[in-house]
Every structure is written in C-alpha cells, then in structure tokens.
Amino acid sequence: MAAENVSMGFKLYCLTVMTLVAAMYTVALRYTRTISSGDLYFSTTAVCITEVIKLILSLGMLTKETGSLSRLKNAIVEHVFLSPNELLKLSVPSVVYGIQNNMAFLALSNLDAAVYQVTYQLKIPCTALCTVLMLNRSLSRLQWFSVFMLCAGVTLVQWKPAEATKVQVEQDPVIGFAAIAVAVLCSGFAGVYFEKVLKSSDTSLWVRNIQMYLSGIVVTLMGVYVTDGEKVLEKGFFFGYTPWVCFVVFLASVGGLYTSVVVKYTDNIMKGFSAAAAIVLSTVASVVLFGLQITITFASGALLVCVSIYLYGLPKQDTSKLSRETTESKQKLMTV
C-alpha cells in the first residue's frame, strides 16, 4: 500500500509514536515480569483486557467513520449479528494473535528486552514467506539478501545472549527463544491472513477489527480459564495489577490499532528506521534499567538486523521499465 500524501511533520509524528510504543512496550513488559515489586499478575488476563480495549477503541473509530449512532448500529447488525461466517473467518487470526501475545509475555519473562526486540524482527522473513505463499507476491533479490542478513544477525545475537545483571528471577533463554519463534510464526501468518481478508472485500477496516476482537475476547477468555482458571477464581482477575501493568496493557492496545495508521501514512523505509530506532532505545533502556552487558556478538548482530530492515524496506526497482529502455536502445543501435 502506498503512503498517502501528507506533510512530513505528520509522518515524523507517526514514526516517533510507533518507535516509542514499540520500545516502551517491550521494556515495560520486561520490567513488570522481572523487576517490579509485588505479586506477579496473570499474563493471560492482561492479553484478554487488551482485546477488550481494542474492541472499544475500534467501536469508537467506526462511530466516527459512520457519522451517526444509527449507521453504527446498522453496520454492527449487518456485519456482526447477521454474518456468522465472517466472524468464523476472523476467528482464525484471533486465535493466532492470542497465541502470539501470550508468547510475548513468556519470551520477555526469559529474555532481555533488547534481545527480544532484535530477535522478534524474524517476523520480517516469516511475513515475507507467508506473503509469497498466500498472496502470490514476489521478493526482489535485495529483499531476499536482507532476509538472510537478518537471520544471520539474529543468530549472532542468540549465539551468546547478553546478560542482565539486575534481574534476579530465574530465566531460561531456550524457553524465551522458543516463545519468540512461535510468536514470529504467528505474527507472519496472522498478518498476511488478515491482509488477504481485508482485500477480499470492501468491508471497513474497523468492522474487520471488531469482528476479530470479538472472537479474540472469547479466545483469550478460554486461555484464562485453561491456563490460570483456578488461580484467577482464588485471587481475582486483576490480581497483581499495578500502574505499570496497566501501562503495558495500554501500550499493547493502542500499538495494534496505531499500526494501521502508520501503514496508511508512512512508507517501508520509515517503518524500517522506526524498527531500528526501537532496537536502539530498548538496548539503552535495558542497560540502564536491567544492567544489560553488551557483547561484541550482540552489537554486531543488532547492527546487521538494523541494516537488513532498512534494505528490505527499499522500494523495488521497476525492471519492466528498464527492460523497455534496453530494448529501445538496442533497436536504435540496429537502425544506425
């Protein structure tokens, strides 16, 4: 999708907000799972509340889009109550996103925020592969090269993960990496699947979001019941919640919705810079808050990942135009 023509100031605003949200989310979540004092909250309830807030925000955006409460009511009746097949279709990414969000909590309970931020960029090759297989798109040679470069960078980061000296809780880097692996697979598949559903009809983005979040609430509530059901009944749904936990839920809620705005108004190069900047901010915050010790392999791997993200976002060269120009030049030479 091409970026719409808006002022550079607004694009920079989108870039700044997306960067800060991505960096603050990982650092704040890591803080609540490892450093923050008090009882540890149930991550499954946080994921569920996030879906509820996203639904409320999407209803607000649909209200603004439709322009009146009556049209909002008609849209909800038509696309929700009278479209069970569509709800079933959107339940697929709901389940996958639910798994992804829970894996993020598990990963950040076992890996530093900076290591997570770098490794999570594996979602780019995963999304690229799903795009090729599900949407029949092609990647340029430069994009394939950047994918392999990114994988090499992540391998360096995980070869000898940087350690955080201020984190005293028990951690398992293997579990953390496995959780990220599941999360990036979910992210790639769900993102491409949702894009395919969006482009299969003219239904509003906010209607699709509402359909997905309704399914998401049901799925995440089931996750709460299966994983922490007895503990939640004993201690309460909001057990262990602090202002920091509420902040994490807020960032998770607005971050997902804000992505659609960023996709609409910025380009791939700016998104690449944003991802690279989020890695740098997460690393600095991890050094200050968690005592992260930067190693040569981590720094080299992070640099490779940042460069690969930039290369992947570069616009494709119009090879058809070049081939036409080459053909015309050959014909002129033959004429001469």
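Cβ coordinates come from backbone N, Cα and C, glycine included.
The transmembrane segment annotation in TrEMBL covers 12-28 (among others).
According to TrEMBL, the transmembrane segment annotation covers 40-63 (among others).
TrEMBL lists 142-159 (among others) with the feature transmembrane segment.
The transmembrane segment annotation in TrEMBL covers 174-194 (among others). Tertiary neighbourhood of the transmembrane segment (174-194): same-chain residues 92-93, 96-97, 99-100, 103-104, 106-111, 115-116, 119-120, 122-123, 126-131, 134-135, 158, 208, 212, selected by CB-CB distance under 8 Å and a gap of 6+ residues from either end.
What TrEMBL lists as transmembrane segment is 206-226 (among others).
Among residues of the same chain six or more beyond the transmembrane segment (238-261), those with a C-beta under 8 A of the stretch's C-beta atoms are 14, 17-18, 21-22, 24-25, 28-29, 31-32, 36, 38-42, 45-47, 49-50, 53-54, 57-58, 61, 101, 205, 209, 231-232. Look at TrEMBL and you will find 238-261 (among others) tagged as transmembrane segment.
Residues or ranges marked as transmembrane segment in TrEMBL: 273-290 (among others).
The transmembrane segment annotation in TrEMBL covers 296-314 (among others).
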**Asked** Which of 142-159, 206-226, 273-290, 296-314 shares the most C-beta pairs under 8 angstroms with the transmembrane segment (40-63)?
**Response** 206-226
**Message:** I'm a bit unsure how to read this: which one of 142-159, 273-290, 296-314 has the highest number of Cβ pairs shorter than 8 Å with the transmembrane segment (12-28)?
**Reply:** 273-290
